[in-house]
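Taken from TrEMBL as is:
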type   : residues : note
DOMAIN : 141-241  : domain 'Cadherin'
DOMAIN : 242-346  : domain 'Cadherin'
DOMAIN : 347-450  : domain 'Cadherin'
DOMAIN : 451-489  : domain 'Cadherin'
Amino acid sequence: MEKLKRIQPIRQVLALIFIAFFSMADPEPIRYSVQEETEGGSFIAHLTKDLGLETGELAVHSARVVSDHYKQHLLLDPQTGDLLLRETLDREELCGPAEPCVLHFQVFLEMPVQFFQGELWIQDINDHSPTFPDGKVLLKIPESSQPGTVFPLKSAQDLDVGSNGIQTYTISPNDHFHVLTRNNSEGMKFPDLVQDKPLDREEQAEYSLILTALDGGSPPRSGTVMVQILILDVNDNAPEFVDTPYEVQVLESCPLNSLILTVSARDKDAGHFGSVSYGLFQPSDEIKRTFSIHEVTGEIRLQKKLDYEKIKSYRVEIEATDGGGLSGKGTVVIEVVDVNDNAPELTITSLTTSIPENAPESIVSIFRVGDRDSEDNGKMICSIPDNLPFILKQTFKNFYTLVTETLLDRETRVEYNITITVTDLGTPRLKTQHTITVQVSDVNDNAPTFTQSSYTLFVPENNSPTLLIGTISATDRDSGSNAQVTYSLLPASIKNATLIAQLRRRVALQAKIVKKPKVANAFVSREVREALQAMRSYQQTGNMVYCAF
């Protein structure tokens, strides 16, 4: 019991530290940067210094790194405090065209529980050259086209971003055309072919030019494509889409070959020059795999299953071309609507499988939950059964702590199976369950008790030493070494000695008076019984009972 009293203040201090930490505002994240393609195992930073800790404290506090991504990209050496790359990072694979490319992570200290937010900025390197989607561009221009007319060309693609991305376009020298580099609404650069002089099909019916895309790397990378220009007889109207841009919403559970929408374009020309065919304009590989358009009807259908968690929207460029080679451009924006198709995920980051009984609020487990869906489909509720002496506390973002709510009693129950249920709010609701088994370890909180409150044993006179005169028994509700019972006789107190001396004097006096041994013995037996009863009443102390004979 004294040992428990010494432990109690220490646990109270730890609980106060725990509460104080989670009442603090989120600190600014620590930021580091690394170039993509840096080899795995490379040194990023010395966390011990940056977190204001002393050497070796990360190991003492059981520090670890937890990534916001479902794949762990960082390693922490708690002995040295070094933050290292787990593997080589590819910025284009991690972030695609997004800029900046930032990996969020947390440094988690377990004892006491503490979090530090961190960001790793992935710097782009010029490791990709511009590429054109097709090996050859065919452009048909009517001879009636006037100088200053602009003809959009298919832009190149460069997986790099920023200054390493495409910066400018050039075309091989000629007398009739030049190229302008422009920015679209999303900041991407695309080429426009501009006519400089009137065209005469009878003078020259075809031009073959080289279009070059240059990025801004050092040294720069480039890509080229052949542009073949055919000069046509007069066709003075290009097709125009009726309702561009088109906007449509599609459930991610939509089956394959489903009709997304039908587009339509008109051409004021008649006959062959007025007939329109449809196609996808400069589609990416993802667009070509996911959607198809019927050349005659303009129906756009689904070719690949949608996944809201990977791509939330598509911007599909479409083209309508008439019989004379003129074309009009349009845009279809397809919004993917989330369906509750992902169950919540639960990750245990810390677990204690044995809790001492009579201990104050103790941390059993720290875990993290997540759901790949969005909106209500991604909102979660954590719960445990109501009939257990444990509660859940939300500590940081999607981190929860399972703690004891009341003192545990091993003598009442030695084991608990706690089922943690994480349920989302989607329709239908999906849930994930994880069961934790907790053992209650014994504390010496029960004193031994005799099976009887008093014992009466008879001893014949003139007995030999070590004679067995009776057996007493005591039990202890604790377990293991805490339940092992030993027996001993305690020396008589001063009051007991005085009582026995008085008894002996009374017996001797009675023997003298009566002068009959049998009568004296009978009297002694009665006196002894009274004296023993008095001694038993006196020698009951605490939770233990001592018997004297």
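Placement of Cβ uses the backbone N, Cα and C atoms for every residue, glycine included.
TrEMBL labels come from automatic prediction, so no person has curated them.
The model shown is predicted, which means the values in this text are computed figures rather than measured ones.
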- Average the per-residue pLDDT over the domain 'Cadherin' (451-489) and send me the rounded value. 79
- Tally the residues of the domain 'Cadherin' (242-346) by DSSP class, grouping H, G and I as helix, E and B as strand, and everything else as coil. 10 helix, 47 strand, 48 coil
- Item | Counts by DSSP class (helix H/G/I, strand E/B, coil) across the domain 'Cadherin' (141-241) | 3 helix, 49 strand, 49 coil
- Item | the domain 'Cadherin' (451-489): DSSP-derived helix, strand, coil residue counts | 4 helix, 2 strand, 33 coil
- Message: Please list the DSSP helix, strand and coil residue counts for the domain 'Cadherin' (347-450).
- Response: 4 helix, 56 strand, 44 coil
